[in-house]
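K.L.:
Residues annotated as transmembrane segment in TrEMBL: 68-85, 92-109, 129-148, 160-184, 199-220, 241-257, 284-308, 320-347, 353-381, 388-407, 413-433. TrEMBL lists 96-256, 289-432 with the feature domain 'Sodium/calcium exchanger membrane region'.
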């Protein structure tokens, strides 16, 4: 019975005996850039008072609450979660519900990363890496699925596009800029091998977005609209399956055959800093970590439901287009914890981790979340294609190309980061002034900008 109860609540004093000798180093090498980025926002828990509690089950529960809820510098943002539930229950302003839900999603995303890392201590680095790859962008995936359930295809496309643009331009740009300012007297260098792999995959994803768009324009005037949309939908579904296959190959490449490319930064320094060292051994047990992960996923689903249901009301009240809220506000607020971690590591001249966060997340969304959304829509009987229209696809293409040129020489300075951030501001301004309403009644193809009710996407 003792061996069963122990994983539910492991105190810090028991950590030394929780895992076999030498295992922590192996697991440390199984960490991803996402884990390391999130670890910069964690704080060491003081369990001295909890250790004085005589009742062991109560002590374990309090220890878990201390580690999971209070073990982050974003603890105060958890207050937004009950406030969002109360606001929804008492039918307060829907824009208020939207704002509180967005804020509540920020600490949850960071805690999911923490919990997947804790589970990796028990499952091993490979399974832990797979778990992190699945849960790394859980917020975007859940919002996409719930938006599809509401038949809001436009919100799905906008939010996923915004996540890719945010990672490539805002997160990477701010990381390079802050790192360059903090290390202005020395040249910052990073390993290009990992970046090259990510850009190859991002360009393949871009091809899958371009072809349905080009097919639509090529067939214009030579085929009916319904026929064009049918061809675009068939091509998109086929491309989505290919993209998912490419993502599986990417996981095999990253976690098995060429793991050293994605962990090379750890070989240069045996220990990063105090924030990373504290995670050398598990602080909670396997089953408690699994329960916390399941519970937080449910809370993310609840808040994502609020976000999807109230986004149009927030758009009307705040005078902002749905495209601007979905492409700009959702990614910035929803991934604020991960973004802050990337910037912190750039300050410490650890650009490999910052690049791993930004490029890895963009690749995961492009090759996993986007095609999976198309497949889920297919299963639900919803017609969602990969045609993101010319404006949105052009922004995506230019973001990938600009970022690739920025990182081509393996060195960095603050000017590169500044240019990336300015590009993001220009794109944000474009969607801020875009007030063209979205067309209703179709989920594939494009609508001419000058048509009645025309817009970029359909909902």
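Backbone N, Cα and C define each Cβ position, glycine as well.
Could you place these features in context, so I can see how deep they sit and what lies close by?
P.N.:
Distant neighbours of the transmembrane segment (68-85): 41-43, 45, 97, 100-101, 103-104, 106-108, 110-111, 114-115, 283-284, 292, 299, 302-303, 306, 337; these residues of the same chain sit at least 6 beyond its ends, with a Cβ under 8 Å from one of its Cβ atoms.
Long-range contacts of the transmembrane segment (92-109) within the same chain: residues 72, 74-75, 77-78, 80-81, 83-84, 86, 138-139, 296, 299-300, 303-304, 306-307, 309-311, 313-314, 317-318, 329-330, 333-338, each at least 6 residues beyond the stretch ends and with a Cβ under 8 Å from a Cβ of the stretch.
Here the transmembrane segment (284-308) has Cβ contacts under 8 Å with residues 6-10, 60, 63-64, 67-68, 81, 84-85, 88, 97-98, 101-102, 104-105, 108-109, 111-112, 115-116, 118-119, 122, 135, 138-139, 142-143, 146-147, 150, 152, 155, 330 of the same chain, all six or more residues outside its ends.
Tertiary neighbourhood of the transmembrane segment (353-381): same-chain residues 32-34, 36-37, 133, 136-137, 140-141, 144-145, 148-149, 153, 156, 160, 163-164, 167-168, 171-172, 175-176, 179, 190, 194-195, 198-199, 201-202, 204-206, 208, 236-237, 239-241, 243-244, 246-247, 250, 262, 265, 335, 338-339, 341-343, 345-346, 407, 443, selected by CB-CB distance under 8 Å and a gap of 6+ residues from either end.
Listed by sequence, the residues of this chain that lie at least six past the ends of the transmembrane segment (413-433) yet keep a Cβ under 8 A from its Cβ atoms are 165-166, 168-170, 172-181, 184, 187-188, 320-321, 323-324, 327-328, 391, 395, 398-399, 402-403, 406.
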K.L.:
Which range wins on Cβ pairs under 8 Å with the transmembrane segment (160-184): 199-220, 320-347, 388-407?
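P.N.:
Result: 320-347.
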